[in-house]
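S.K.: Okay, here's the structure, questions in a sec.
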Ligand SMILES: Cc1cc2nc3c(=O)[nH]c(=O)nc-3n(C[C@H](O)[C@H](O)[C@H](O)COP(=O)(O)OP(=O)(O)OC[C@H]3O[C@@H](n4cnc5c(N)ncnc54)[C@H](O)[C@@H]3O)c2cc1C
Ligand code: HEM
């Protein structure tokens, strides 16, 4: 364990590092990828370009350092990150590389202010933090491999069915090429897909939530194509999947992971709220609830621009028709003329508190949501405003996890 002096140095320097956080992590990634270009096969380049991953890693290291004398307090966060690391294939041997590079970046940015004593203290603290991650992830690797139908690393899966679900979302049904069993999963979990795109120097890994219920001989993912928008380039993996990957093609995927999962012990009503492609984990939860828990009341709320981009609508409507305990509501912010003529939605505009209160059967329920970050901020602040306890609010980011707190609500 660390001695009191080291702990005191760490705690007193965290605020200094936080001030220089962006500069340090920017330098960290420059050095990391210069000295270890092989890591460019693992990191998400789009997240790098937009600075999302930088913030996530810096915040996690400082949060860990602040709890350096009681790392047990941050185990849930370590587990959440550990799921992502395990799904990407991050190994114990990667940790010293990150540690050494981080220390070099701190020294580089802070100059003489980073004394030998401070650097030594951070080296020790990083070692303790890294050990916590390595321990948690070792258990996850073990569990992923030893479970029935499990495997380690990436396994080849064949696309057995490709289904267009809307103008922008397409589903891929994936069955193992070796014909073996597949690991079960908890509704809400995701897999990582690793792609070798012709002409690209590096492999690209992306996460996709499983959009069907567990217990099938395949996994289903439903992918939104991220087309070029103003100055933003087209998404590498999603567009390749849509345009180039066909039935019989093979994708490399890692075993299901993630801690955004439906609590199936809870017997209270549940409200599932999604925006856009954020509906994938919600549909998996909904299908599981319909199949396993007919007593549990479910309110399924989906926000989309309009009916043209609304995926999996038929599937959800079928479940709602078959199960009286399930109600489904659609909120379109830009309904088409056809949507208007068909009265295809329940609310025009954005999700607001008055509407939520009018459709959620019982306030004392658990709430799960997923969607674009501004949508999630809005839903989070609406639930808080309504007085829903934080323990009943669960959400997933389709990118590096961040905070929804203290942010201006969109809409
Ligand atoms: C847990 C989890 C679950 C997910 N589940 C799903 C799911 O079920 N369905 C789904 O469709 N997606 C899901 N995602 C998102 C998915 O992993 C990908 O992020 C998404 O498909 C985009 O990947 P891409 O390779 O197509 O785009 P990328 O190439 O990664 O680009 C992403 C975005 O960044 C922008 N960008 C790239 N480079 C730059 C640049 N230089 N400057 C500015 N902008 C840039 C692109 O324009 C694009 O909009 C999930 C993500 C996570 C973390
Ligand atoms: C103690 C050390 C580490 C900490 C605190 C840390 C923290 C984080 C955090 C907070 C995220 C974002 C999680 C999310 O998506 O929600 C993340 C993702 C990631 N981490 Fe780590 N990490 C550490 C070590 C490592 C190591 C050793 C590697 C391998 C070189 C690594 C590679 C990655 C990658 C590739 C991602 C996904 C990022 C992306 O989207 O590109 N991390 N890590």
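Placed from the backbone N, Cα and C atoms, the Cβ positions cover glycine too.
The structure displayed is predicted, hence computed values, not measured ones.
Residues or ranges marked as domain 'Globin' in TrEMBL: 1-138. Marked as site 'Involved in heme-bound ligand stabilization and O-O bond activation' by TrEMBL: 29. Under the heading heme b binding site, TrEMBL lists 85. Annotated active site, charge relay system per TrEMBL: 95, 137, in sequence order. Sequence annotations record features per position, and here TrEMBL assigns domain 'FAD-binding FR-type' to 152-263. What TrEMBL records for 190, 206, 207, 208, 209, 397, 398, 399, 400 is FAD binding site. Marked as NADP(+) binding site by TrEMBL: 276, 277, 278, 279, 280, 281.
Walk me through where these features lie, including what they touch and how far apart they are.
M.R.: Residue 29 (site 'Involved in heme-bound ligand stabilization and O-O bond activation'): 19 other CB atoms within 10 A of its CB, across all protein chains.
Neighbours of residue 85 (heme b binding site), defined as other CB atoms within 10 A of its CB across all chains, total 22.
DSSP classifies residue 95 (active site, charge relay system) as helix under the three-state reduction.
Annotation note: residue 137 (active site, charge relay system) sits in a helical segment as assigned by DSSP. In sequence order, 82, 85, 86, 90, 92 are the residues of the chain that are 6 or more apart from residue 137 (active site, charge relay system) and have a CB within less than 8 Å of its CB.
Listed in sequence order, 84, 87, 190, 191, 192, 193, 258, 398 are the same-chain residues at least 6 apart in sequence whose CB falls under 8 Å from the CB of residue 207 (FAD binding site).
For residue 277 (NADP(+) binding site), the same-chain residues lying six or more positions away in sequence with a CB closer than 8 A to its CB are 168, 169, 222, 223, 224, 311, 398. Look at residue 277 (NADP(+) binding site): DSSP puts it in a helix.
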S.K.: Measuring Cβ to any atom of ligand 2 with a strict under-6 Å cutoff, which of the recorded positions 95, 207, 278 qualify?
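M.R.: Result: 95.
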S.K.: Taking the Cβ of residue 400 (FAD binding site) as centre, how many other Cβ atoms lie within 10 Å?
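M.R.: That number is 19.
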S.K.: Quick check: which same-chain residues outside 276, 277, 278, 279, 280, 281 lie with their CB within 8 A of the centre of the NADP(+) site CB atoms?
M.R.: 209, 211, 222, 224, 274, 275, 282, 283, 370, 371, 398
S.K.: What is the set of residues, excluding 190, 206, 207, 208, 209, 397, 398, 399, 400, whose C-beta falls within 8 angstroms of the centroid of the C-beta atoms at the FAD site?
M.R.: 396
S.K.: With an 8 Å cut-off on Cβ-Cβ distance and a minimum sequence separation of at least 6, pull the same-chain contacts of residue 279 (NADP(+) binding site), or say none.
M.R.: 211, 302, 311, 312, 370
